[in-house]
(Lines of atoms letter the chains of each structure in order from A and count residues from 1; the text may use other names and numbers.)
(Lines give C-alpha, C1' and ligand atoms only; values in the text may rest on other atoms or scores of the structure.)
Protein backbone atom coordinates (compact mmCIF):
# COMPACT_ATOMS: atom_id res chain seq x y z
CA UNK A 1 0.00 0.00 0.00
CA UNK A 2 1.16 3.51 -0.83
CA UNK A 3 0.56 6.43 1.50
CA UNK A 4 -0.84 9.40 -0.41
CA UNK A 5 -1.31 13.01 0.71
CA UNK A 6 -3.30 15.86 -0.76
CA UNK A 7 -0.84 18.60 -1.70
CA UNK A 8 -2.27 22.12 -1.64
CA UNK A 9 0.54 23.23 -3.95
CA UNK A 10 -0.32 20.83 -6.78
CA UNK A 11 -4.02 20.49 -5.90
CA UNK A 12 -3.89 16.73 -6.14
CA UNK A 13 -3.25 13.68 -4.00
CA UNK A 14 0.29 12.37 -4.33
CA UNK A 15 2.35 9.44 -3.01
CA UNK A 16 4.52 10.38 -0.04
CA UNK A 17 8.12 10.42 -1.25
CA UNK A 18 10.36 12.00 1.36
CA UNK A 19 13.68 13.76 0.86
CA UNK A 20 15.39 11.04 2.87
CA UNK A 21 13.75 7.61 2.53
CA UNK A 22 12.11 6.45 5.74
CA UNK A 23 12.31 9.85 7.42
CA UNK A 24 9.84 12.74 7.54
CA UNK A 25 10.79 16.33 8.32
CA UNK A 26 7.60 18.09 9.34
CA UNK A 27 6.87 21.67 10.38
CA UNK A 28 3.62 23.23 11.56
CA UNK A 29 3.07 26.91 12.22
CA UNK A 30 2.56 27.43 15.93
CA UNK A 31 0.59 29.95 17.93
CA UNK A 32 1.19 33.63 18.49
CA UNK A 33 1.30 33.62 22.27
CA UNK A 34 -0.90 36.49 23.42
CA UNK A 35 -4.06 34.60 24.51
CA UNK A 36 -5.44 31.18 25.40
CA UNK A 37 -5.79 28.61 22.62
CA UNK A 38 -9.24 28.23 21.07
CA UNK A 39 -11.14 25.50 19.21
CA UNK A 40 -9.37 26.27 15.94
CA UNK A 41 -6.01 25.65 17.61
CA UNK A 42 -7.36 22.44 19.14
CA UNK A 43 -8.29 21.13 15.72
CA UNK A 44 -4.98 22.06 14.09
CA UNK A 45 -2.75 20.52 16.71
CA UNK A 46 -4.88 17.39 17.15
CA UNK A 47 -4.72 16.91 13.37
CA UNK A 48 -0.95 17.29 13.08
CA UNK A 49 -0.37 15.23 16.22
CA UNK A 50 -2.45 12.40 14.75
CA UNK A 51 -0.70 12.61 11.38
CA UNK A 52 2.64 12.43 13.17
CA UNK A 53 1.51 9.42 15.23
CA UNK A 54 0.26 7.68 12.09
CA UNK A 55 3.52 8.26 10.20
CA UNK A 56 5.48 6.80 13.12
CA UNK A 57 3.17 3.75 13.14
CA UNK A 58 3.80 3.37 9.40
CA UNK A 59 7.50 3.09 10.15
CA UNK A 60 8.78 6.59 9.44
CA UNK A 61 11.21 8.43 11.64
CA UNK A 62 9.52 11.79 12.17
CA UNK A 63 11.15 15.03 13.24
CA UNK A 64 8.37 17.47 14.08
CA UNK A 65 9.00 21.15 14.70
CA UNK A 66 6.40 23.69 15.81
CA UNK A 67 7.29 27.28 16.55
CA UNK A 68 6.10 29.92 18.99
CA UNK A 69 5.69 33.44 17.64
CA UNK A 70 6.75 35.43 20.70
CA UNK A 71 7.10 38.87 19.12
CA UNK A 72 4.04 40.41 17.47
CA UNK A 73 1.83 43.50 17.64
CA UNK A 74 -0.86 41.51 19.46
CA UNK A 75 1.61 40.47 22.14
CA UNK A 76 2.85 44.03 22.52
CA UNK A 77 -0.71 45.34 22.82
CA UNK A 78 -1.53 42.74 25.48
CA UNK A 79 1.63 43.66 27.39
CA UNK A 80 0.67 47.35 27.37
CA UNK A 81 -2.88 46.55 28.52
CA UNK A 82 -1.65 44.50 31.47
CA UNK A 83 1.47 46.46 32.37
CA UNK A 84 3.74 43.53 31.58
CA UNK A 85 6.77 42.97 29.40
CA UNK A 86 6.50 41.18 26.07
CA UNK A 87 8.46 38.25 27.52
CA UNK A 88 6.13 37.98 30.52
CA UNK A 89 3.07 37.79 28.27
CA UNK A 90 4.73 35.28 25.93
CA UNK A 91 5.91 33.00 28.72
CA UNK A 92 2.51 33.08 30.39
CA UNK A 93 0.69 31.93 27.28
CA UNK A 94 3.35 29.42 26.27
CA UNK A 95 2.77 27.77 29.65
CA UNK A 96 -0.98 27.96 29.04
CA UNK A 97 -0.54 26.37 25.60
CA UNK A 98 1.18 23.33 27.07
CA UNK A 99 -1.33 23.04 29.91
CA UNK A 100 -4.27 23.06 27.50
CA UNK A 101 -2.94 21.08 24.57
CA UNK A 102 -1.50 18.26 26.69
CA UNK A 103 -4.95 17.69 28.19
CA UNK A 104 -6.03 16.79 24.63
CA UNK A 105 -3.29 14.12 24.56
CA UNK A 106 -1.26 16.04 21.99
CA UNK A 107 2.35 14.90 22.17
CA UNK A 108 5.07 17.52 22.50
CA UNK A 109 6.87 18.46 19.29
CA UNK A 110 10.54 17.57 19.05
CA UNK A 111 11.39 21.25 19.34
CA UNK A 112 9.54 24.53 19.87
CA UNK A 113 11.77 27.28 18.47
CA UNK A 114 10.92 30.83 19.45
CA UNK A 115 11.31 33.78 17.13
CA UNK A 116 13.27 35.79 19.70
CA UNK A 117 15.85 33.00 19.86
CA UNK A 118 16.49 33.09 16.08
CA UNK A 119 17.21 36.74 15.31
CA UNK A 120 20.70 36.00 13.84
CA UNK A 121 19.22 33.37 11.51
CA UNK A 122 16.57 35.87 10.41
CA UNK A 123 19.26 38.48 9.69
CA UNK A 124 21.21 35.97 7.63
CA UNK A 125 18.23 34.99 5.50
CA UNK A 126 17.30 38.64 4.84
CA UNK A 127 20.89 39.38 3.81
CA UNK A 128 20.82 36.51 1.30
CA UNK A 129 17.64 37.92 -0.22
CA UNK A 130 19.13 41.41 -0.29
CA UNK A 131 22.26 40.18 -2.06
CA UNK A 132 20.09 38.49 -4.68
CA UNK A 133 18.11 41.64 -5.31
CA UNK A 134 14.91 40.28 -3.77
CA UNK A 135 14.92 42.58 -0.75
CA UNK A 136 15.40 46.32 -0.35
CA UNK A 137 15.89 48.56 2.67
CA UNK A 138 14.06 51.85 3.13
CA UNK A 139 14.41 53.95 6.26
CA UNK A 140 15.21 51.03 8.56
CA UNK A 141 12.53 48.75 7.09
CA UNK A 142 13.33 45.90 4.73
CA UNK A 143 10.80 44.63 2.17
CA UNK A 144 10.57 41.63 -0.12
CA UNK A 145 10.23 42.33 -3.87
CA UNK A 146 7.34 40.12 -4.92
CA UNK A 147 7.77 41.02 -8.60
CA UNK A 148 11.22 39.41 -8.59
CA UNK A 149 9.74 36.00 -7.68
CA UNK A 150 8.00 34.82 -10.88
CA UNK A 151 5.98 32.03 -9.26
CA UNK A 152 4.52 34.21 -6.51
CA UNK A 153 0.94 33.05 -5.94
CA UNK A 154 1.48 29.42 -6.92
CA UNK A 155 0.33 28.02 -3.56
CA UNK A 156 -2.85 30.07 -3.29
CA UNK A 157 -3.61 29.94 -7.02
CA UNK A 158 -3.43 33.72 -7.38
CA UNK A 159 -1.60 35.79 -9.97
CA UNK A 160 0.13 38.95 -8.87
CA UNK A 161 -1.41 41.04 -11.65
CA UNK A 162 -4.90 39.91 -10.68
CA UNK A 163 -4.23 40.55 -7.01
CA UNK A 164 -2.99 44.04 -7.79
CA UNK A 165 -5.96 44.82 -10.04
CA UNK A 166 -8.42 43.34 -7.56
CA UNK A 167 -7.06 45.39 -4.69
CA UNK A 168 -8.43 48.63 -6.23
CA UNK A 169 -6.76 50.60 -3.50
CA UNK A 170 -8.30 48.45 -0.75
CA UNK A 171 -4.99 47.43 0.77
CA UNK A 172 -4.27 47.48 4.47
CA UNK A 173 -2.06 49.94 6.28
CA UNK A 174 1.10 47.98 5.65
CA UNK A 175 0.27 47.44 1.97
CA UNK A 176 -0.28 51.17 1.49
CA UNK A 177 3.08 52.10 3.06
CA UNK A 178 4.53 54.68 0.60
CA UNK A 179 8.07 53.34 1.06
CA UNK A 180 7.11 50.10 -0.70
CA UNK A 181 7.83 49.62 -4.39
CA UNK A 182 4.81 47.36 -4.94
CA UNK A 183 1.55 47.11 -2.95
CA UNK A 184 2.13 43.42 -2.18
CA UNK A 185 5.75 43.73 -1.10
CA UNK A 186 5.87 42.61 2.50
CA UNK A 187 8.05 43.44 5.48
CA UNK A 188 11.06 41.29 6.31
CA UNK A 189 12.34 43.68 8.98
CA UNK A 190 10.50 46.52 10.72
CA UNK A 191 12.28 49.59 12.06
CA UNK A 192 12.07 50.08 15.81
CA UNK A 193 9.23 52.11 17.28
CA UNK A 194 9.52 54.04 20.57
CA UNK A 195 8.82 51.89 23.60
CA UNK A 196 8.85 48.57 21.72
CA UNK A 197 11.41 45.75 22.00
CA UNK A 198 14.06 45.92 19.28
CA UNK A 199 17.18 44.10 18.14
CA UNK A 200 20.24 45.51 16.43
CA UNK A 201 20.56 44.62 12.75
CA UNK A 202 22.49 45.65 9.62
CA UNK A 203 19.51 47.94 8.82
CA UNK A 204 19.21 49.49 12.26
CA UNK A 205 17.31 48.51 15.39
CA UNK A 206 14.01 46.76 14.80
CA UNK A 207 12.20 43.45 14.79
CA UNK A 208 11.38 40.78 12.20
CA UNK A 209 8.31 40.58 10.02
CA UNK A 210 5.97 37.63 10.56
CA UNK A 211 6.65 35.62 7.42
CA UNK A 212 10.46 35.59 7.58
CA UNK A 213 10.33 34.06 11.05
CA UNK A 214 9.05 30.65 9.93
CA UNK A 215 11.38 30.55 6.92
CA UNK A 216 14.39 31.16 9.15
CA UNK A 217 13.36 28.65 11.83
CA UNK A 218 12.62 25.92 9.27
CA UNK A 219 16.03 26.47 7.66
CA UNK A 220 17.71 26.42 11.07
CA UNK A 221 16.00 23.30 12.42
CA UNK A 222 15.19 21.19 9.35
CA UNK A 223 17.25 22.46 6.42
CA UNK A 224 16.41 23.95 3.04
CA UNK A 225 13.70 21.46 2.04
CA UNK A 226 11.28 19.71 4.37
CA UNK A 227 8.77 16.99 3.60
CA UNK A 228 5.50 18.24 5.09
CA UNK A 229 4.52 21.80 5.97
CA UNK A 230 1.25 21.96 7.89
CA UNK A 231 -1.06 24.68 9.07
CA UNK A 232 -4.60 25.98 8.99
CA UNK A 233 -6.20 26.83 5.67
CA UNK A 234 -6.32 30.49 6.71
CA UNK A 235 -2.51 30.58 6.49
CA UNK A 236 -2.27 29.67 2.80
CA UNK A 237 -2.27 33.34 1.85
CA UNK A 238 -0.37 35.39 2.61
CA UNK A 239 1.73 33.58 5.22
CA UNK A 240 2.61 30.33 3.48
CA UNK A 241 2.76 32.02 0.08
CA UNK A 242 5.32 34.43 1.49
CA UNK A 243 7.29 31.67 3.18
CA UNK A 244 7.69 30.02 -0.22
CA UNK A 245 8.76 33.29 -1.85
CA UNK A 246 11.41 33.93 0.81
CA UNK A 247 12.84 30.44 1.24
CA UNK A 248 12.84 29.32 -2.37
CA UNK A 249 14.34 32.58 -3.64
CA UNK A 250 17.09 32.38 -1.02
CA UNK A 251 17.89 28.66 -1.25
CA UNK A 252 16.97 27.83 -4.87
CA UNK A 253 15.19 24.73 -3.57
CA UNK A 254 11.56 23.86 -2.79
CA UNK A 255 10.68 24.78 0.78
CA UNK A 256 8.37 21.78 1.23
CA UNK A 257 7.44 18.78 -0.86
CA UNK A 258 3.91 18.66 0.53
CA UNK A 259 1.77 21.53 1.77
CA UNK A 260 -1.11 20.31 3.92
CA UNK A 261 -3.87 22.42 5.44
CA UNK A 262 -6.69 21.63 7.84
CA UNK A 263 -10.17 23.09 7.44
CA UNK A 264 -11.73 25.84 9.51
CA UNK A 265 -13.74 25.37 12.69
CA UNK A 266 -17.16 27.01 12.60
CA UNK A 267 -19.45 27.54 15.59
CA UNK A 268 -23.11 26.93 14.79
CA UNK A 269 -22.34 27.58 11.14
CA UNK A 270 -20.58 30.89 11.76
CA UNK A 271 -16.94 31.86 11.85
CA UNK A 272 -15.68 31.88 15.42
CA UNK A 273 -15.01 35.42 16.65
CA UNK A 274 -15.15 37.38 19.87
CA UNK A 275 -17.45 39.96 18.27
CA UNK A 276 -20.09 37.28 17.64
CA UNK A 277 -19.79 35.98 21.19
CA UNK A 278 -18.99 32.43 20.01
CA UNK A 279 -15.27 32.41 20.79
CA UNK A 280 -14.52 29.35 22.93
CA UNK A 281 -11.12 28.46 24.36
CA UNK A 282 -9.89 24.94 25.01
CA UNK A 283 -9.85 25.43 28.77
CA UNK A 284 -13.37 26.88 28.79
CA UNK A 285 -14.64 23.80 26.97
CA UNK A 286 -12.78 21.32 29.18
CA UNK A 287 -13.64 23.09 32.44
CA UNK A 288 -17.20 24.21 31.66
CA UNK A 289 -16.51 27.89 32.32
CA UNK A 290 -16.55 31.23 30.51
CA UNK A 291 -18.08 31.16 27.04
CA UNK A 292 -18.96 27.45 27.36
CA UNK A 293 -22.12 27.35 29.47
CA UNK A 294 -22.58 23.58 29.44
CA UNK A 295 -20.92 20.81 31.47
CA UNK A 296 -17.17 20.24 31.09
CA UNK A 297 -16.32 18.15 28.03
CA UNK A 298 -14.06 15.11 28.25
CA UNK A 299 -10.77 15.84 26.43
CA UNK A 300 -11.02 12.55 24.55
CA UNK A 301 -14.49 13.56 23.33
CA UNK A 302 -12.95 16.76 21.93
CA UNK A 303 -10.31 14.73 20.16
CA UNK A 304 -12.95 12.36 18.82
CA UNK A 305 -15.04 15.31 17.65
CA UNK A 306 -12.08 16.65 15.67
CA UNK A 307 -11.21 13.29 14.11
CA UNK A 308 -14.75 12.41 13.06
CA UNK A 309 -14.42 14.77 10.07
CA UNK A 310 -11.72 14.59 7.40
CA UNK A 311 -8.99 17.02 8.34
CA UNK A 312 -9.38 19.14 5.18
CA UNK A 313 -13.13 19.63 5.58
CA UNK A 314 -14.81 22.42 7.60
CA UNK A 315 -15.86 21.36 11.09
CA UNK A 316 -18.99 22.84 12.67
CA UNK A 317 -18.96 22.98 16.46
CA UNK A 318 -22.45 22.76 17.99
CA UNK A 319 -23.76 21.62 21.36
CA UNK A 320 -25.42 18.67 19.62
CA UNK A 321 -22.21 17.66 17.85
CA UNK A 322 -20.12 17.75 21.02
CA UNK A 323 -22.82 15.82 22.92
CA UNK A 324 -22.71 13.15 20.21
CA UNK A 325 -18.92 13.04 20.53
CA UNK A 326 -19.26 12.61 24.32
CA UNK A 327 -21.58 9.64 23.85
CA UNK A 328 -19.33 8.16 21.17
CA UNK A 329 -16.35 8.46 23.49
CA UNK A 330 -18.21 6.61 26.26
CA UNK A 331 -18.85 3.75 23.83
CA UNK A 332 -15.23 3.67 22.73
CA UNK A 333 -14.00 3.97 26.30
CA UNK A 334 -15.96 0.89 27.35
CA UNK A 335 -14.19 -1.09 24.68
CA UNK A 336 -10.79 0.30 25.64
CA UNK A 337 -11.35 -0.63 29.30
CA UNK A 338 -12.59 -4.15 28.55
CA UNK A 339 -9.22 -5.78 29.11
CA UNK A 340 -8.65 -4.00 32.41
CA UNK A 341 -12.10 -4.98 33.66
CA UNK A 342 -12.34 -8.56 32.42
CA UNK A 343 -8.91 -9.70 31.18
CA UNK A 344 -7.92 -11.39 34.43
CA UNK A 345 -11.29 -13.09 34.76
CA UNK A 346 -10.94 -14.41 31.21
CA UNK A 347 -7.46 -15.75 31.91
CA UNK A 348 -5.62 -13.50 29.48
CA UNK A 349 -1.85 -13.71 29.27
CA UNK A 350 0.65 -11.23 27.89
CA UNK A 351 -0.08 -11.90 24.21
CA UNK A 352 -0.28 -8.68 22.17
CA UNK A 353 -1.28 -10.00 18.75
CA UNK A 354 -3.72 -7.93 16.73
CA UNK A 355 -6.16 -8.87 13.99
CA UNK A 356 -4.26 -8.25 10.73
CA UNK A 357 -7.35 -7.82 8.57
CA UNK A 358 -8.60 -4.95 10.72
CA UNK A 359 -5.17 -3.32 10.90
CA UNK A 360 -5.01 -3.52 7.10
CA UNK A 361 -8.43 -1.84 6.76
CA UNK A 362 -7.34 0.89 9.13
CA UNK A 363 -4.10 1.41 7.20
CA UNK A 364 -5.83 1.53 3.82
CA UNK A 365 -7.98 4.36 5.13
CA UNK A 366 -5.10 6.19 6.78
CA UNK A 367 -2.99 5.89 3.64
CA UNK A 368 -5.74 7.67 1.72
CA UNK A 369 -4.84 11.23 2.72
CA UNK A 370 -5.07 10.45 6.44
CA UNK A 371 -8.72 9.37 6.41
CA UNK A 372 -8.92 8.95 10.17
CA UNK A 373 -12.67 9.54 10.18
CA UNK A 374 -13.00 6.33 8.18
CA UNK A 375 -10.56 4.56 10.49
CA UNK A 376 -12.79 5.37 13.45
CA UNK A 377 -15.40 2.98 12.03
CA UNK A 378 -12.98 0.09 12.60
CA UNK A 379 -12.53 1.17 16.21
CA UNK A 380 -16.25 1.41 16.89
CA UNK A 381 -16.92 -2.03 15.43
CA UNK A 382 -14.47 -3.48 17.94
CA UNK A 383 -15.67 -1.34 20.86
CA UNK A 384 -19.32 -2.28 20.36
CA UNK A 385 -18.48 -5.98 20.10
CA UNK A 386 -16.43 -5.86 23.30
CA UNK A 387 -19.20 -3.96 25.06
CA UNK A 388 -21.73 -6.63 24.10
CA UNK A 389 -19.43 -9.37 25.33
CA UNK A 390 -18.88 -7.49 28.58
CA UNK A 391 -22.62 -7.34 29.21
CA UNK A 392 -22.98 -11.05 28.48
CA UNK A 393 -20.09 -11.83 30.81
CA UNK A 394 -21.65 -9.80 33.63
CA UNK A 395 -24.99 -11.60 33.30
CA UNK A 396 -23.99 -15.13 32.34
CA UNK A 397 -20.46 -15.48 33.70
CA UNK A 398 -19.04 -16.38 30.30
CA UNK A 399 -18.74 -14.94 26.79
CA UNK A 400 -19.99 -16.07 23.40
CA UNK A 401 -16.69 -15.25 21.69
CA UNK A 402 -13.61 -17.31 22.70
CA UNK A 403 -11.36 -15.59 25.20
CA UNK A 404 -8.28 -15.56 22.96
CA UNK A 405 -10.25 -13.92 20.15
CA UNK A 406 -11.54 -11.26 22.55
CA UNK A 407 -7.98 -10.54 23.61
CA UNK A 408 -6.94 -10.03 19.98
CA UNK A 409 -9.95 -7.74 19.46
CA UNK A 410 -9.03 -5.70 22.51
CA UNK A 411 -5.34 -5.51 21.58
CA UNK A 412 -6.33 -4.35 18.11
CA UNK A 413 -8.65 -1.68 19.48
CA UNK A 414 -6.10 -0.33 21.96
CA UNK A 415 -3.32 -0.31 19.35
CA UNK A 416 -5.31 1.47 16.65
CA UNK A 417 -6.95 3.90 19.07
CA UNK A 418 -3.55 4.95 20.41
CA UNK A 419 -2.48 5.87 16.87
CA UNK A 420 -5.34 8.37 16.93
CA UNK A 421 -4.37 9.55 20.42
CA UNK A 422 -7.52 8.05 21.95
CA UNK A 423 -6.64 6.46 25.28
CA UNK A 424 -8.75 5.56 28.31
CA UNK A 425 -7.27 6.11 31.74
CA UNK A 426 -7.34 3.34 34.31
CA UNK A 427 -9.16 5.61 36.74
CA UNK A 428 -12.02 5.69 34.22
CA UNK A 429 -12.50 1.95 34.70
CA UNK A 430 -15.59 2.16 36.86
CA UNK A 431 -17.27 4.69 34.59
CA UNK A 432 -19.63 3.57 31.86
CA UNK A 433 -21.33 5.05 28.89
CA UNK A 434 -24.32 5.92 31.04
CA UNK A 435 -22.20 7.29 33.86
CA UNK A 436 -23.38 4.34 36.03
CA UNK A 437 -21.29 1.42 37.22
CA UNK A 438 -22.49 -2.15 36.70
CA UNK A 439 -23.26 -2.28 40.44
CA UNK A 440 -25.43 0.85 40.20
CA UNK A 441 -27.38 -0.62 37.29
CA UNK A 442 -27.92 -3.95 39.05
CA UNK A 443 -29.13 -2.11 42.18
CA UNK A 444 -31.69 -0.15 40.17
CA UNK A 445 -32.88 -3.34 38.49
CA UNK A 446 -33.41 -4.92 41.94
CA UNK A 447 -35.44 -1.87 43.01
CA UNK A 448 -37.51 -2.20 39.85
CA UNK A 449 -38.12 -5.90 40.45
CA UNK A 450 -39.30 -5.13 43.99
CA UNK A 451 -41.64 -2.45 42.64
CA UNK A 452 -43.10 -4.88 40.10
CA UNK A 453 -43.56 -7.53 42.79
CA UNK A 454 -45.54 -4.98 44.82
CA UNK A 455 -47.52 -4.01 41.69
CA UNK A 456 -46.03 -0.51 41.84
CA UNK A 457 -45.88 -0.26 38.07
CA UNK A 458 -45.42 3.51 37.97
CA UNK A 459 -42.20 3.14 39.99
CA UNK A 460 -41.15 0.23 37.77
CA UNK A 461 -41.68 2.35 34.67
CA UNK A 462 -39.85 5.28 36.23
CA UNK A 463 -36.73 3.17 36.86
CA UNK A 464 -36.87 1.70 33.35
CA UNK A 465 -37.15 5.19 31.86
CA UNK A 466 -34.33 6.49 34.04
CA UNK A 467 -32.03 3.71 32.87
CA UNK A 468 -33.08 4.15 29.27
CA UNK A 469 -32.33 7.87 29.45
CA UNK A 470 -28.81 6.97 30.54
CA UNK A 471 -28.27 4.52 27.71
CA UNK A 472 -29.23 1.26 29.44
CA UNK A 473 -31.82 -1.02 27.81
CA UNK A 474 -33.71 -3.62 29.88
CA UNK A 475 -34.95 -6.93 28.48
CA UNK A 476 -37.52 -8.77 30.64
CA UNK A 477 -37.90 -12.55 30.25
CA UNK A 478 -39.21 -15.48 32.34
CA UNK A 479 -35.61 -16.06 33.45
CA UNK A 480 -35.25 -12.51 34.78
CA UNK A 481 -34.18 -9.10 33.51
CA UNK A 482 -31.13 -8.66 31.32
CA UNK A 483 -29.62 -5.34 30.35
CA UNK A 484 -27.19 -3.88 27.89
CA UNK A 485 -25.82 -0.47 27.08
CA UNK A 486 -27.28 0.97 23.90
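FYI, residue positions are counted from 1 along the chain as it appears here.
Cβ atoms are placed via backbone N, Cα and C, with glycine included.
Going by Swiss-Prot, these are the annotated features:
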- 29, 214, 239, 243: Zn(2+) binding site (BINDING)
- 31-41: motif ''HIGH' region' (MOTIF)
- 271-275: motif ''KMSKS' region' (MOTIF)
- 274: ATP binding site (BINDING)
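Within 8 Å of the centroid of the Cβ atoms of 29, 214, 239, 243, where the record puts Zn(2+), the same chain has further Cβ atoms from 210, 211, 213, 215, 229, 231, 235, 240, 242. If you take the Cα of residue 274 (ATP binding site) and the Cα of residue 29 (Zn(2+) binding site), they are about 22 angstrom apart, rounded to a whole number. Under 8 Å from some Cβ of the motif ''HIGH' region' (31-41) lie the Cβ atoms of residues 68-70, 72, 74-75, 77-78, 89-90, 92-94, 96-97, 100-101, 232, 264-265, 267, 272, 279-283, 285, 317, all in the same chain and six or more residues away from its ends. Here the binding-site residues are 239, 274; the one with the fewest Cβ atoms within 10 Å of its Cβ is 274. Within 10 Å of the C-beta of residue 243 (Zn(2+) binding site) we count 26 further C-beta atoms, all protein chains included.
In this structure, residue 29 (Zn(2+) binding site) belongs to neither helix nor strand by DSSP; it is coil. Neighbour density around each Cβ, counted as other Cβ atoms within 10 Å, peaks among the binding-site residues 29, 214 at 214. Remark: secondary structure over the motif ''KMSKS' region' (271-275) totals 0 helix, 1 strand, 4 coil, with classes taken from DSSP.
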